[in-house]
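For reference, Swiss-Prot has these:
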- His10: active site, tele-phosphohistidine intermediate (ACT_SITE)
- Glu88: active site, proton donor/acceptor (ACT_SITE)
- 9-16, 22-23, Arg61, 88-91, Lys99, 115-116, 184-185: substrate binding site (BINDING)
- His183: site 'Transition state stabilizer' (SITE)
Amino acid sequence: MTRKLVLLRHGQSQWNLDNRFTGWVDVELTDQGRQEAVAAGKLMKDEGLQFDVAHTSVLKRAIHTLQGALKELDQDWLPVSKSWRLNERHYGGLQGLDKAETAAKHGEEQVKIWRRSYDIPPPAMDVDDPGHPCHDRRYATLDRNALPGTESLATTLVRVLPYWHDAIAPQLKAGQTVLVTAHGNSLRALYKYLNDVSNEQILELNIPTGIPLLFELDDNLQVRSFRYLGDPEAAKRAAEAVANQGKAK
């Protein structure tokens, strides 16, 4: 039996548009981002996908993308689970900074390492910083020591995998079709795990906003195939645009 899993990065956010490091900052979708959510829903509808359950983060750009896509799918009624473990990677002291200005200051190669390397985190956010997640009531029930002040992709994967094993994988093994709407780096972490991508290869992976990525898995959740829905060239161009965000102007 083929299991189906769709990974969907949220639509364009205001800070995507502004080219700023976002991380755990809870920013809104742009008008384009809301349109991308609807377009993603249409692509999934055209594919004939009928989901049994959906998962998302506790950040509204992902939540609102999921809501827009499900409305277009006429599957608003689906049970939705929200977890901080699907949040974007925490960008530490870079959060809120302009990516191009940061590249001009520190060099494009350093910014690429911070953005796309596997195990090198950006400079940490101090725990006394008002933006640290320990001061956000949505994380009030969590162990303060579990809340990051910065993350690499490696530590993001460590955060995401328990949710995969405890929540998503059992549903897939039960034959359910699952939609996960999350963020560039939490989805890169899942992609790396599912496709057994090397630490070096993951550096070059960029996930575009608002384009569903369909995985077909076997009974053991090994990947049989994966592809972006819609025009492959459009997905390629969108991924290249993500890669260019970390370059100096």
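Glycine is treated like the rest: Cβ placed from N, Cα and C.
It is Lys99, among the recorded positions His10, Arg89, Lys99, whose Cβ has the fewest other Cβ atoms within 10 Å in the structure shown. The distance from the Cα of Arg89 (substrate binding site) to the Cα of His10 (active site, tele-phosphohistidine intermediate) comes to 14 Å. Each residue contributes its Cα atom, and for the residue listed as 'active site, proton donor/acceptor' and Trp15 (substrate binding site) those atoms are 13 Å apart. Taking the Cβ of Gly184 (substrate binding site) as centre and 10 Å as the limit, one finds 21 other Cβ atoms among all the protein chains shown.
Across the structure, Trp15 (substrate binding site) and His183 (site 'Transition state stabilizer') place their CA atoms 13 angstrom apart. In terms of local Cβ density within 10 Å, Arg9 ranks first among the recorded positions Arg9, His183.
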